[in-house]
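As recorded in Swiss-Prot:
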TOPO_DOM  1-35  topological domain 'Cytoplasmic'
TOPO_DOM  57-235  topological domain 'Extracellular'
CARBOHYD  SER83  O-linked glycosylation site
DOMAIN    91-235  domain 'THD'
DISULFID  CYS148-CYS179  disulfide bond
Amino acid sequence: MSTESMIRDVELAEEALPQKMGGFQNSRRCLCLSLFSFLLVAGATTLFCLLNFGVIGPQRDEKFPNGLPLISSMAQTLTLRSSSQNSSDKPVAHVVANHQVEEQLEWLSQRANALLANGMDLKDNQLVVPADGLYLVYSQVLFKGQGCPDYVLLTHTVSRFAISYQEKVNLLSAVKSPCPKDTPEGAELKPWYEPIYLGGVFQLEKGDQLSAEVNLPKYLDFAESGQVYFGVIAL
């Protein structure tokens, strides 16, 4: 082989080498793009499956048989428990009338459906407030009678004797009359019933004494339990 032929072969080899290198690089680039595309599709598919089956993302509320969301129901239960625990230590009283005495209104706490709790006290027929605060005060009485020989006015009053100014004042009061002023003929023989309910929210002080009274206790109806009562609830 001549020197010129060897030189030409070397030159041809040098010219072919970049072409081969370019082809190799192009093949490698295509392989990388294919691999990246595969990983992207696989990742998107995996993410879709995780979201679809609820493994990640917003959790679905499981349902009770009645259709209520489990998570919402649990939250409501915890809220109710918390509210119950917070209110369980508040003063409360509910007293009922003594039906064994006549022509007077005497309150009792040692009876069914009656209670004194968390500092409330019943003393001298009055409920004693154990702490400053807002209180719901309520009372109900039921009057009954036979006929209307005379014009009758029935009053029911809830009063407060305040420790701060040592004076008894009315908190709640109502007046009713079962008989009209002009009594119709035959009304003397008919029975009548008059309920009076009082209730309101008041700012009270520790030591305040609350009383619930009527002007004509002889007309009170004690025939059924739950008709005459008096209560205080701290808010």
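In case you wondered, yes, glycine gets a Cβ from its N, Cα and C as well.
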Fill in the blank from the handout: In this predicted model, the topological domain 'Cytoplasmic' (1-35) has a mean pLDDT of 55
Practice task
Using a 10 Å cut-off, grab the number of neighbouring Cβ atoms around the Cβ of CYS148 (disulfide bond), all chains included.
Solution key: 19
Handout entry: Secondary structure of CYS179 (disulfide bond) (DSSP, helix/strand/coil)
Key = coil
